[in-house]
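A short write-up of the structure that comes next.
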Amino acid sequence: MELHGIGVGRGIAAGPLKRMPEPLAEPADVARTADAEVEIAVAREALAAVGAWLRERGIAAGGEAKDVLDAQALMAADPTLAKDIAARITAGTTAERAVFDAFASFQKLLEGMGGYMGERATDLADVAQRVIARLRGVAAPGVPESDQPFILVAHDLAPADTALLDFTKVLGLITRDGGPTSHTAILARSKSIPAIVGVVGADALVENTVIVLDAGTNTVIVDASDTEVADALQRREAWLTASNAPITDGALKDGYLVPLLANLGSATEAAEAIALGAEGVGLFRTEFLFLDALLAPTVAHQEEQYTALLEAFPGKKVVVRALDAGADKPLSFLNDAHEENPALGLRGLRALRVNEHILRDQLTALVNAQNKTTADLWVMAPMVSDAEESDYFVELARELGINVAGVMAEVPSLALMAEQVMVNSDFVSIGTNDLTQYTMAADRMLGTVASYQDPWHPAVLRLIKQLGVAGALLDCPVGVCGEAAADANLAIVLVGLGATSLSMTPAAFADVRAALLTVTLPEAQALAAKALTGRTAAESRVLGTA
Ligand code: PEP
Ligand code: MG
């Protein structure tokens, strides 16, 4: 049997699958039927077993992970919690509900304390889920454990899930939800892990089934035969060899330079990016540094992080994005309110503008880092709608001492107003993930509309062209930093439409570098012109591919 979805990159993987367990439903608030003493003993056993398991895992993991797991084991053994659970059971509730309520009230207490203690609240929630899973006799939620490499199947992966994934074990990713611009796709590219997202039928896949995942052909072979696995492994070798060509600066066949820049989420990723040939940074996602923070980070703390980043790129261009909070990347200190449609809500610059002190602190930290290092710092705002918003950001950044200030083109209205924006803005960087989401009115997190999430759509290409033309006219650099830049064929079209640099996950450099070297600038422009004549994304992809 074959399933289909949207391949990320060109990778191939074969192996048994493991499913990401579903989050547990909240235990029903019903009266206890079992004897109180029995129910208390059952709860104690579950707490002890989870504590022992956490300690064992800690010993096996070692390092910082051991500290975290030991601290969680202590939570499971906390006598106050055990007493609270027993009291709740005695008062008439079930063990599951008592554990849920006792941990929840303790969690609230920790959250109220803020700071380090507040951050431990999530760890406590994880312990509670493990204890309740044990009581129910089901697998604990969270990343599956395995001694053998496996292909992970999930609805979708949140950035927080991925922090716990052991990438030496994950051969590939399959998700039911998410399009090519979802965070699962971004993660897969950044780790060079083959992935197919938006797979219809992924929910029916059974644990341990052997599958072959071919991102280049968008297919998942279910219950693969030995021959199919052997064939896949051979093609995997060929793919790995092609990814290992010599590293050169990004350029077309005629020598036209197209700097290849890195999309990074932390300074620790810099060394690997440089090793793969990063000519600088085209997108530093600062919100990734603070996803777990309950309070806005201080100037000093941010300055330290940004300085570490800039020091890794002496003399090189580094584009840092101001905090992009909202939708799939919530920051509790910036936009806490419940919104029906968060992607259309108080996101990016909109959230920063109503919390201007947070924006000022971030810009100040960036100025301090800029003045201490030799990197060429460029700073940009996310989710900007028009020239008025662009001017607001650029002027504030300059007033605080930023040398180069620009905006992202992610909202169609900004692309439509490109010339006005570029009068003041030092540069524009096209975020094709959001530009596609908003142009096609298709949530980038939603598998059911994944087919709309295609940056090859001629409507998206037309907006990019408008930005490219305005950039050439007003001498304003126009980079691309969305996932589209990591699609080797589309990268050629983007240059043909006027992109002056391409920023992507460093794992995609090899593919894109090789593709750019196959065309001259006039050839890239001709392919772009052809792609613009398509009626659908699929047509444009065919027309725009050499
Ligand atoms: C984009 O929208 O294309 C982008 C680069 O930003 P993010 O993926 O972080 O929203
Ligand atoms: Mg974006």
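Cβ atoms are placed via backbone N, Cα and C, with glycine included.
Just so you know, TrEMBL annotations are computer predictions that nobody has curated.
Fair warning: this is a prediction, and the values are worked out from it, not measured in the lab.
Residues or ranges marked as active site, tele-phosphohistidine intermediate by TrEMBL: HIS183.
In sequence order, LEU261, ASN263, GLY282, LEU283, VAL319, MET408, SER429, ILE430, GLY431, SER503, MET504 are the residues near CYS481 (active site, proton donor), counting only same-chain partners six or more apart with C-beta under 8 A. Under the DSSP three-state reduction, CYS481 (active site, proton donor) is assigned to coil, being neither helix nor strand. Annotation comment: TrEMBL describes CYS481 as active site, proton donor.
Residues or ranges marked as phosphoenolpyruvate binding site in TrEMBL: ARG285, ARG321, ASN433, ASP434, ARG444. The secondary structure of ARG444 (phosphoenolpyruvate binding site), as reduced to three states from DSSP, is coil rather than helix or strand. Other C-beta atoms found within 10 angstroms of the C-beta of ARG444 (phosphoenolpyruvate binding site) number 25, with every protein chain shown included.
The number of other CB atoms found within 10 A of the CB of GLU410 (Mg(2+) binding site), across every protein chain shown, is 27. Summarising the annotation, TrEMBL assigns Mg(2+) binding site to GLU410, ASP434.
Mean predicted confidence for the domain 'Phosphotransferase system enzyme I N-terminal' (4-120): the pLDDT average there is 87. Residues annotated as domain 'Phosphotransferase system enzyme I N-terminal' in TrEMBL: 4-120.
Feature annotation from TrEMBL assigns domain 'PEP-utilising enzyme mobile' to 148-217.
Look at TrEMBL and you will find 251-518 tagged as domain 'PEP-utilising enzyme C-terminal'.
When every Cα pair among ARG285, ARG321, ASN433, ASP434, ARG444 is compared, the largest distance found for this phosphoenolpyruvate site is 20 Å. A distance of 13 Å separates the Cα atom of ARG444 (phosphoenolpyruvate binding site) from that of GLU410 (Mg(2+) binding site). For ARG285 (phosphoenolpyruvate binding site), applying a Cβ distance below 8 Å and a minimum sequence separation of six or more within one chain yields ASN263, LEU264, GLY265, ARG321, ASP324. Less than 6 Å separates the Cβ from ligand 1 in the case of GLU410, ASP434, CYS481, drawn from the recorded positions ARG321, GLU410, ASP434, ARG444, CYS481 in sequence order. Counting in whole angstrom, GLU410 (Mg(2+) binding site) lies 5 from ASP434 (phosphoenolpyruvate binding site) by their C-alpha atoms. Ligand 2 lies within reach of GLU410, ASN433, ASP434 from the recorded positions ARG285, GLU410, ASN433, ASP434, ARG444, CYS481, judged by a C-beta closer than 6 angstroms to any of its atoms. Taking H, G and I as helix, E and B as strand and the rest as coil, DSSP gives the domain 'PEP-utilising enzyme mobile' (148-217) the counts 15 helix, 19 strand, 36 coil. Mapped onto DSSP helix, strand and coil, the domain 'Phosphotransferase system enzyme I N-terminal' (4-120) counts 76 helix, 14 strand, 27 coil.
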